[in-house]
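As written in TrEMBL, here are the features:
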DOMAIN    1-393  domain 'Major facilitator superfamily (MFS) profile'
TRANSMEM  12-29  transmembrane segment
TRANSMEM  49-67  transmembrane segment
TRANSMEM  74-96  transmembrane segment
TRANSMEM  102-121  transmembrane segment
TRANSMEM  133-153  transmembrane segment
TRANSMEM  165-189  transmembrane segment
TRANSMEM  216-236  transmembrane segment
TRANSMEM  248-266  transmembrane segment
TRANSMEM  273-293  transmembrane segment
TRANSMEM  299-323  transmembrane segment
TRANSMEM  335-355  transmembrane segment
TRANSMEM  367-388  transmembrane segment
Amino acid sequence: MKNKVLDSIVKIAGCGIPIFWAGVISFGYPGVMSSYWQEKFHVGNTETGLVLTFMLLALALVMFFTGRIHAKIGMAYCILIGTAFYLIAFIILYFAKSIYWVYVWAFTVNLGCSFVYGPGLTTVQQAFPTRKGLVSGIINLLFGISAAALSPILNALLNHQGYNFVNLLTISIMVISNMVAFLLVKIYIREDNRSQQKANSLHDMTVKESLKTKEFWLIWFVWIFMGASGISMITLSKSYATEIGKPGVSILTTFNLANGLFRIVVGWLSDKIGARITGALAFFLTTIGYLVMPHTSNLLIVCIGTIGVGIGFGALFTISGPLAADIFGLTNFGMIYGIIFTAYGLVAGVVGPAISGMILEKTNNNYTIVFSYLGGMAFLGTLLIYCINDKKRKTDTNNTDTPEMKKSETEKKDINDNDSIMVEIECQLNPSLK
């Protein structure tokens with residue numbers, strides 16, 4: 001059993017390591033570097049808010065295609081492609097002469113992120129299909145907690161060692177880590193279960209079928225409202241802390257900790273009470289957090305509100321994968337999830353960070369208006385997630401004994417072993433479950 005537990009941990013680590021660094025780039029870098037970019041390139045909140053917009057745009061445009069590519073070449077080679085985009089992006093950042101170069105960096109670096117996040121989430125859910133919430137929570141924990149862990153370090157290095165040093169150190173560690181992850185995935189994860197995929201496809205929706213469902217569009221709009229509400233905190237946290245006279249990185253660190261640490265709790269809870277109810281509870285915490293924060297300058301109360309925002313944003317990532325997999329199945333999950341992500345990239349990035357920055361400039365930094373606006377969006381997300389029917393739909397309930405399904409029994413046994421191992425790990429973490 002110990003060897004099997006170790007094997008499962010290694011599988012999760014192989015997908016989790018590159019996703020950890022994707023989280024550093026997505027959630028940490030814009031917050032840490034925004035003030036530096038404003039000073040160096042003589043721009044304001046609106047211009048730096050667009051950095052996240054370009055990051056999200058990249059995800060929106062390519063997540064569908066990375067889902068298709070992952071289905072053909074597997075997770076290991078997706079890691080290599082993502083790493084190549086990271087290298088190109090940081091070369092661009094090194095030679096940046098204006099904020100427009102930073103926009104190109106943001107778009108390019110998130111092309112790299114798109115090759116590791118969606119494929120990684122798909123891979124672990126396929127490996128542990130009855131513990132999708134838990135493994136999604138673990139992967140998304142790494143995605144979210146990475147920025148909380150490294151933002152203070154990056155901020156300190158920026159102040160003491162300089163901008164170019166931070167960029168060089170970051171990309172060097174990312175490349176080394178991703179090469180380790182490539183080897184782990186290549187050695188330990190089987191990605192050639194074609195017969196299993198054919199068997200699953202009898203019950204799973206195609207992309208075209210999913211687009212005809214009410215559930216798809218409800219999830220899509222949830223990503224707009226909650227995505228905009230959550231992602232805005234990344235760029236607003238540091239400037240708001242400065243506005244109320246508190247340490248610049250304190251609110252950002254609190255947000256990233258809550259965004260990351262609670263994801264595994266949210267994932268575990270979604271396996272118990274369902275992703276829909278879990279999401280509604282978490283999103284409502286975001287609503288409360290945003291409505292409380294602008295009415296106090298007490299750092300403790302502000303951080304408590306920030307925790308609510310972080311929990312809701314982390315829950316959005318954690319529950320969406322298992323929820324979509326339960327409704328649409330895993331066969332075409334990568335492509336369907338990629339289309340869902342267009343809401344986050346094409347719309348949320350505009351109605352969130354960009355408009356928030358514009359409101360601040362037009363209202364002379366009136367955070368009450370901005371936070372009320374974002375809290376209202378979180379409340380709309382709460383209502384929509386509650387309206388979703390999270391029961392899995394089947395396109396064909398007949399022919400359950402097809403040759404493809406019989407041929408895949410070995411793969412199913414391997415997957416069931418993985419799930420039993422995850423149950424054992426849960427029991428070790430929480431003895432009351434035994």
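Note that Cβ sites are derived from N, Cα and C of the backbone, with glycine treated the same way.
Of the ranges 49-67, 248-266, 299-323, 367-388, the one with the most Cβ pairs under 8 Å to the transmembrane segment (335-355) is 49-67. Under the criterion of 3 or more C-beta pairs below 8 Å, with sequence separation of 6 or more, the transmembrane segment (367-388) and the transmembrane segment (273-293) qualify as touching. Of the Cβ pairs linking the transmembrane segment (165-189) with the transmembrane segment (74-96) and spaced 6 or more residues apart, 3 or more are under 8 Å, so the two regions touch. Regional average pLDDT for the domain 'Major facilitator superfamily (MFS) profile' (1-393) in the model is 88.
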